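**Q** The following block contains the structure, expressed as structure tokens.
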Amino acid sequence: MNDSLQAIPNQPFSFFTQASCSHTQARAGQFFTPHGVVETPRFMPVGTLANIKTVTPEQLRGTGAQMILANTYHLHLQPGEGIVAAAGGLHRFMGWTGPILTDSGGFQVFSLSELRSIAEAGVTFRSPRDGEEIYLSPEKAIAIQNQLGADVIMAFDECAPYPADRSTVTEAVERTTRWLERCCKAHDRVEDQALFGIIQGGTYGDLRQQSARSLVEFDLPGYAIGGVSVGEPPELIEKIVKFTTPLLPEHKPRYLMGVGTYREMVQAIAAGIDLFDCVIPTRLARHGNALVRGERWNLKNSRFREDFQPLDQSCACYTCQNFSRAYLSHLLRARELLAYTLLSIHNITELISFTQKIRQAILHDRFSSEFASWLTSPSPS
């Protein structure tokens, strides 16, 4: 099958599977949004505060990025959803014309375990910025996201920690379902914003199944698997994803939250996942690390001081086309800010290109052979 676009549907949001792997559950698809088409499987860069750290929107477009993320919790704290709305919405505010997804802020709130209190109505917590008391409920999370104006918004959920006992996870699953119902009732921009539900359940298979069954009944435009990559070993993440993904509708996009390593993405794509996000490419860049063909290189290492090759001769990114490993090593040693921009551009391009290669392999039914080493290699310790 070729990679050409299908006819744009009448509905503002729809998902089509173009091809499937004959040996795994991997699939190549297209997710239509009001701000463009997302070709899946796809890695999505994270721009927590309405920017991809050190990278301009123009530079970001050059990486092949299609959909990006911003964070409701952080944008509520600074600058505030009212300012974003007054600017014309998130797209205009940050100068990004493609699709945007906003997380509900639930994960960030629940990570503030010492600063919060949970009740059925919502969560009260103290801002880590200034100690101010803040209240966030399903209704408020949706109202904030409605004002921000992203294409895809996430339901407010309760993310149980890892490890957690069964009763704690059960309570989180049941509350997540009740909160989703409230999110649906509060959501008043259904024509131009797709609300995704988030499957919880921790490491308990039956609770994952319970969560998926309950949330699928809401018939939402898409679903995410949450509560993973929160401290579990890699093999447990793979087990959860492999078990949970088939429980989600085939005709809806499936999003695995907070995952973005090579191996984890390949394994998840084989299970049927379409979308990924992670801060890895920019975070590694800020620490002087480059992602190169499945490896992680520390450019501060002395072996790069007189290495005048590009990071990756096969990479088409701006960094690899114009600069050497030695130059990047020099910038890092001199603590020049340009180093972080150039490495971020490359790392984002690398992960997007990686998922694009997987997509092409699926379209031509070569996924299981071309990515066999990633599918069969043992989990890292």
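Counting begins at 1 with the first residue displayed.
Glycine too: its Cβ is placed from the backbone N, Cα and C atoms.
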**Q** Can you tell which of HIS330, HIS346 Swiss-Prot lists as binding Zn(2+) with CYS315, CYS317, CYS320?
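**A** Looking at HIS330, HIS346, the one Swiss-Prot places in the Zn(2+) site next to CYS315, CYS317, CYS320 is HIS346.
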**Q** Do you know which of 17-21, 37-41, 247-251, 282-286 Swiss-Prot annotates as region 'RNA binding'?
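**A** That would be 282-286, per the region 'RNA binding' entry in Swiss-Prot.
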**Q** If Swiss-Prot gives ASP103, SER104, GLY105, GLY106, PHE107, ASP157, GLN200 as binding substrate, which of GLY64, GLY131, GLY227, GLY231 does it give for that site as well?
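**A** So, going by the record in Swiss-Prot, that would be GLY227.
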**Q** Which range, 111-117, 181-187, 258-264, does Swiss-Prot list as region 'RNA binding'?
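**A** It is 258-264 that Swiss-Prot annotates as region 'RNA binding'.
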**Q** If you draw a 10 Å sphere around the Cβ of GLY227 (substrate binding site), how many other Cβ atoms fall inside it, taking every protein chain shown into account?
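**A** Here the count is 33.
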**Q** Report the DSSP secondary-structure composition of the region 'RNA binding' (282-286) as helix, strand and coil residue counts.
**A** 5 helix, 0 strand, 0 coil
**Q** Based on Cα distances to GLY105 (substrate binding site), point out the closest of the recorded positions ASP277, CYS315, CYS317, CYS320, HIS346.
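**A** Looking at Cα distances from GLY105 (substrate binding site), the smallest one goes to ASP277.
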**Q** I'd like to know which of the active-site residues ASP103, ASP277 has the most other Cβ atoms within 10 Å of its Cβ.
**A** ASP103
**Q** Find, for the listed binding-site residues CYS315, CYS317, CYS320, the residue with the lowest Cβ contact count at a 10 Å cut-off, counting only other Cβ atoms.
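**A** Each of the binding-site residues CYS315, CYS317, CYS320 was scored by Cβ atoms within 10 Å; lowest is CYS315.
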**Q** Which residues, same chain and not among CYS315, CYS317, CYS320, HIS346, have a CB within 8 angstroms of the centroid of the CB atoms at the recorded Zn(2+) site?
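**A** Near the Zn(2+) site, beyond CYS315, CYS317, CYS320, HIS346, sit PRO310, LEU311, ASP312, ALA316, TYR318, THR319, GLN321, ILE345, THR349, GLU350.
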